[in-house]
Amino acid sequence: MVAPSGRSLAATATHAGLKLFIAGCAGLFSYFVIAWLTSRFYDTFAKVYAGWAIIYPYGAEYKAPLLDSYDTFTVAMTWLPLLAAGLATLVLKNLPRDWVPRAWSRLRSRVRHVLSWQAPPRCFWTWWCGGMDVQDALVLAFVLALNAYYFAYYLQAYTNRVDAMLAAGIALPQSRSVYMTGRVALTFGIMMWPNLWLLFLPIPQSSFLQQLTGLDYSRMIRYHRWLGHITMVVLSLHGWLYYLYWAMAHEFWVEFSNWGTLSAINNLAGTLAYLFALVLWTTSIGWIRRRFFEVFYRCHVVCFIGFLLFACMHYYWSWSYFLPGLLLYAADLALRSGQLSNTTLVTASSVDEQAGVATLQLRASKSLGCPVRELFLLVPAISRWQWHPISVAGAQPDASGSGSVLTLHIKRYGRWTAELLRLLKHPRPLALRVSAPEAPSEVEWRGYQTLLLIGGGIGVTPLLRMLREIIAYRNSGKVEELPAHVHLIWACRDPRELCILDADTLAAALSGTGWLTIDLYCTAANALPAASKMEQEGSGKQHSPRDLTVKLEDSETASTDSQLAAPGAAKELKPARALLSSPMFHSFATAIQPQALGDVHLAVVLLLTFLGAWFGTVLGGAYVGETYTFYLSSSIPIPNTAYWKWGLVWFFTQTIMALAMPYVLAVLPVQAYRYWAQSAELLPLAPPSTSCQGHGAGCQLVGSSLVANGEAGLIISTGRPALRDAMVSAGKAAGTASEVGIFVGGPDAMTRAVQLEAAALNGAGPVHFAVHITAHAL
């Protein structure tokens, strides 16, 4: 089969070679996770373990280790595969799209269909964990099998050891049941290795896994939650079985309160680590996370640091299972820390107090050319350290041509969002710090001839972004690979939420071309006002938004305007100017800057993060080598208290170096250069405009219709949409196409209903319904 022009077989071979290399890195990491327990592994790598130790220079005559062979080989087998795979993925992303035979494309599509098949009982799985398709089941089965393998291996090893001791006439220190209880408790501690190795891999947004697998961030977070639950169950069994073992041996208080004097393990530090982890786990439960986000957020940050700190003091080699995944997250943190010095302003905003919805627009730099689907906002006027993820509702070129304008829609839910809406109602400069992580380069809706977009409330925001992208592609003439049919179903409890729909999207639905259909629903009874006489007569007269809606904040805005005009207006602006001061002591604002200058810069940050962690490991190892040298030269046994101190030193050296090295060498210089070189993108210290443009110019509610520019609009239906009928209709519209892309963003109940209906329809006909969840919560 001949490749199309412009797509050479060499490019395809390069793609295949890089993907095989990345697969090899994943295989090497997995091999070490599985095989390092066995004696055969150490026999195979005997020469490595005999010669890879790094000797402390000042203790060479005593052969004092700076890092032993276990340290260096663990780094080589767990750190380097992740780093190499991450760098290779960045190279892969920048290669031209490869040509593949049609047969391979069909096979890949079939595999994707099989992996997305929902396992029964579907109602239970969707209620319990948001659904369980074949891919989810394989991931979960791998993790559970890994835990079962670790448990079975060590249980058998300890059982054989006890049998051998008894056969040789050696008495056990306790009865067999008590002794085996202690060995099982230790086994669950060893099982923390595979669980923590995997736990942190899905977290980073710059992770190569998301770019490589094509998984959306919501699914990555979902896997992180599952791994977190499994890890906490294993950790709880480790701790409580040890408490039981100490009680059975009549040594509970002696062992429980011991601060690392009886052995190399600091038991009290382990209990403190478990308490921190327990609070973190409890506050991560779904209903607590949704209702008390502030509690969840603070506990997640503080308790994780406490858990990591005391775990390293409990067992000094804890860094070996924490760091591989955390290093990918450390690169994220270094990039996000650079955004602390990027102060921007809200350039336009509007607040609908009755609906509790705010629309705000931000200026983005021309250098922010990467696709952005989500922003992390920090509002110093509310909190100087809380970052909140907000979906981008649309991006449009700036009128000046020097960048773009990003539109966000935010609904009042908790204290932070309520305070943000309150600040937006006051005409004063509102300073923000914005972190803009790069989204995967693959356009999620590409490849589908028919799209069904289902939104509930403000969860429709990512769906509006997709619609606006499609409209922009059509307006620019880029019609290749565009869907032929798009159907948006949007249901809201308050019909005023529908006003965030912009005039261009409404015009596309009313254009008569037939490619876009929009159905609007109001689910609350008697929430829609009666149709006005103008609407009944079909008048085309244009009306301003103030004629059509009543904004409850008008009186408050007017009173604030008069205050600003008074002689004391300067005092009103002082707090805003103070909040503009960034950690770099700049008192001016610029357009939003990207986290990284490009993939080369991202690769440098990733490389420096791993290199910094290695230097931190060596630096902490120098303290270990000095300890060995001192006690060996003094002919004094190394005290047990030295071990938890090694873990404490390693915690600080590795954390500081892994974060500081990429920040100081690769992030801070870039941010400083931007502030001095890009003066053309400075923003005036001015209150947000009250009139949003483009995507922010919402429609108006006229009776039971949504209109724009006073023209004919869309009728809003009362009740809930018939999702199954919509899917069947989309399947018919697909024609000969074998797949319909369903993107859903909204409350959990809506998402579950869509998943169940799609699962019931899949396999019943020639069309496959591929469901993608676009809205997620941390």
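Cβ atoms are placed via backbone N, Cα and C, with glycine included.
Quick look at what TrEMBL annotates:
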DOMAIN    189-310  domain 'Ferric oxidoreductase'
DOMAIN    448-541  domain 'Ferric reductase NAD binding'
TRANSMEM  20-37  transmembrane segment
TRANSMEM  72-92  transmembrane segment
TRANSMEM  137-155  transmembrane segment
TRANSMEM  184-205  transmembrane segment
TRANSMEM  226-248  transmembrane segment
TRANSMEM  268-288  transmembrane segment
TRANSMEM  295-317  transmembrane segment
TRANSMEM  447-467  transmembrane segment
TRANSMEM  602-623  transmembrane segment
TRANSMEM  643-668  transmembrane segment
#### Entry: the transmembrane segment (643-668) touching the transmembrane segment (295-317) per 3+ Cβ pairs under 8 Å rule
yes
### Query
In the domain 'Ferric oxidoreductase' (189-310), how many residues does DSSP put in helix, strand and coil?
94 helix, 0 strand, 28 coil
### Task
Mind checking which residues of the chain, 6+ beyond the ends of the transmembrane segment (72-92), have their Cβ under 8 Å from one of its Cβ atoms?
15, 18-19, 21-22, 25-26, 28-29, 32-33, 36, 45, 48-49, 52-54, 197, 207-208, 211-212, 320, 323-325, 327-328, 599, 602-603, 606-607, 610, 613-614, 617
### Task
Please check if the transmembrane segment (602-623) comes into contact with the transmembrane segment (643-668), where contact means 3 or more CB pairs closer than 8 Å and the residues in each pair are separated by 6 or more positions.
yes
### Query
Going through 137-155, 226-248, 643-668 one by one, which has the most CB pairs that fall under 8 Å from the transmembrane segment (184-205)?
226-248
### Query
What average pLDDT is reported by the model for the domain 'Ferric oxidoreductase' (189-310)?
91
